[in-house]
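Trainee: Annotation source Swiss-Prot lists substrate binding site at 30, 44, 56, 140, citing sequence analysis. Summarising the annotation, Swiss-Prot assigns Mg(2+) 1 binding site to 66, 71, 103. Marked as Mg(2+) 2 binding site by Swiss-Prot: 71.
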């Protein structure tokens, strides 16, 4: 089984999607799902002394303008593990440019954590935490000599639109999955 190609994007897209976690919160290791084999590989260890502030992964059967599956960040109180599948509710969209490529990311919360039951949109997230995420992504590739431009945040509706677009981009690239 290849979770990138064989899992659905979610049980109720775009309201609830599957987040396939590659990197747990607190890690400096950047893991990436190999799109051909479905195995997890160590892409690199971050050059900076930063740690991922969220669980980080992809939405299965999506594709984005940066030439990779669509990224998703899940706010977790405790880190999960690589290859964990989380039912996640999109609440925002983080907009950034990575070395000239549009590299937007969905921000989501786990459906199965009652702590986040009232978090429906980006306005429900403390600004200090959004600033922490933005700071991480602005600086995490700095010692590699790569330029990141942070464009800011949008709400849940923007995230849902981009998810649907990323599903269509997957179909265009890989064909329809029956």
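Glycine too: its Cβ is placed from the backbone N, Cα and C atoms.
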Trainee: Applying a 10 Å Cβ distance cut-off over all chains shown, what neighbour count does residue 103 (Mg(2+) 1 binding site) have?
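Mentor: By my count, 21.
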Trainee: Where does residue 103 (Mg(2+) 1 binding site) sit by DSSP, helix, strand or coil?
Mentor: coil
Trainee: Rank aside, I only need the closest one: which of the binding-site residues 66, 71, 103 has its C-alpha nearest to that of residue 30 (substrate binding site)?
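Mentor: Nearest listed residue in space: 71.
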Trainee: Between the binding-site residues 66, 71, 103, which lies closest to residue 56 (substrate binding site), Cα to Cα?
Mentor: 71
Trainee: Provide, as an integer number of angstrom, the distance between the C-alpha atoms of residue 103 (Mg(2+) 1 binding site) and residue 140 (substrate binding site).
Mentor: 14
Trainee: Any same-chain residues 6+ apart from residue 71 (Mg(2+) 1 binding site) with CB under 8 Å of its CB? Would you list them in sequence order, or say none?
Mentor: 56, 57, 58, 64, 103, 104, 105, 106
Trainee: With every protein chain in view, what's the tally of Cβ atoms within 10 Å of the Cβ of residue 66 (Mg(2+) 1 binding site), excluding that atom itself?
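Mentor: There are 17 such Cβ atoms around residue 66 (Mg(2+) 1 binding site).
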Trainee: How many Å separate the Cα atoms of residue 44 (substrate binding site) and residue 66 (Mg(2+) 1 binding site)?
Mentor: 18
Trainee: Taking the centroid of the Cβ atoms of 30, 44, 56, 140 (substrate site), which other same-chain residues have Cβ within 8 Å of it?
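Mentor: My list of surrounding residues reads 23, 28, 29, 43, 46, 52.
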Trainee: Find, among the binding-site residues listed as 30, 44, the one whose Cβ has the highest number of other Cβ atoms within 10 Å in the structure shown.
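Mentor: Max Cβ neighbours within 10 Å, all protein chains included: 30.
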Trainee: Centre the Cβ atoms of 66, 71, 103, go out 8 Å, and tell me which other residues of that chain have a Cβ in range of the Mg(2+) 1 site.
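Mentor: Here the non-site neighbours turn out to be 64, 65, 68, 70, 96, 98, 101, 102, 104, 105.
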Trainee: How many angstrom lie between the most widely spaced Cα atoms of the substrate binders 30, 44, 56, 140?
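Mentor: Result: 15 Å between the two most distant Cα atoms.
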Trainee: Below 8 Å Cβ to Cβ and six or more residues apart, same chain only. Which residues does that give for residue 140 (substrate binding site)?
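Mentor: Looking at Cβ-Cβ distances below 8 Å from residue 140 (substrate binding site), excluding near sequence neighbours, one finds 46, 48, 50, 148.
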Trainee: According to DSSP, collapsed to three classes, what secondary structure does residue 140 (substrate binding site) have?
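Mentor: In three-state terms, residue 140 (substrate binding site) counts as coil.
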